[in-house]
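According to Swiss-Prot, the protein has these features:
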{"type": "BINDING", "residues": "Gly154, Val155, Ser156, Arg157, Ser158, Gly159, Lys160, Thr161", "note": "ADP binding site"}
Amino acid sequence: MSSPRQVFYISDRTGLTAENIGEALLNQFGNLSFKRHTHPFVDTPEKARAVVEKVNRSRQENGQRPIAFVSVVDDEIRRIIKGADAFQINFFETFLGLLEKELNTEATVSGQGHHSIGNTKRYDARMEAVNFSLNHDDGVSDKNLQEADVILMGVSRSGKTPTCLYLALQYGIRAANYPLIPDDLESADLPRMVKPYKDKLFGLTIQPERLQAIRQERRPNSAYARIDTCRSEVADAQSMFRRHGIPFANTTDKSVEELAVHILQACKLKRRF
């Protein structure tokens, strides 16, 4: 089996832009394996030269040319990184010129605009949504639950918490979640805490076999992780969703990104930034 291809995400800020676009591209090659290295805040020539050394060392040690996804605004730093022995995709260099041509104006280049706290409204909306999701995780509180944009329901370990946090971080959505426990699943009614907010409910389900694997890691060889328990809980949860007309999605083969977009569309939610 061939060794994984080395991939470098290089950015003068957080690296999120390079990672997000790079991952979207690499995911189209599911038959290959990659080893990822992220280098954020490469914002000085010295840092850029240090990264170039690491990339070149990787080329020498692995015998394959690394792939580098670069999100750097500064021309000098980009020139230094270009000296690395790697196949490089530079997002600003690739797309900025095309956009300048289409808009018939030169960009006012600044490294402060992307992923910056300078955009106060965007930052505040994100932090408010994250705090809301954390305060309403796993049904811990119904205080101000009426302010939720969406309330995710599902059995334990069906993906509720990461989906809520992703919705909050990426879209500013106030997402709460409620775990369906055996008492809830045995009832014909909706859980008391979320019943007043039926129109905000969205269900998450999962294949029992996948659920068992996740639970087995958390509580090995417990009744909680038995396959018959998982099958029963998943079936009962889906019956509840159908009985009350609650839309739901299967998380088994969906990334959190795909799931979040699906929820936005199904619930007709609009991002806050």
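Note: Cβ is positioned from N, Cα and C throughout, glycine not excepted.
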CB-centroid shell, 8 A cutoff, ADP site Gly154, Val155, Ser156, Arg157, Ser158, Gly159, Lys160, Thr161, site residues removed: Asn177, Pro179, Leu204, Ile206, Thr251
Cβ neighbour count (within 10 Å, all chains shown) around Lys160 (ADP binding site): 27
Cβ neighbours of Gly159 (ADP binding site) where a neighbour is any other Cβ within 10 Å: 24
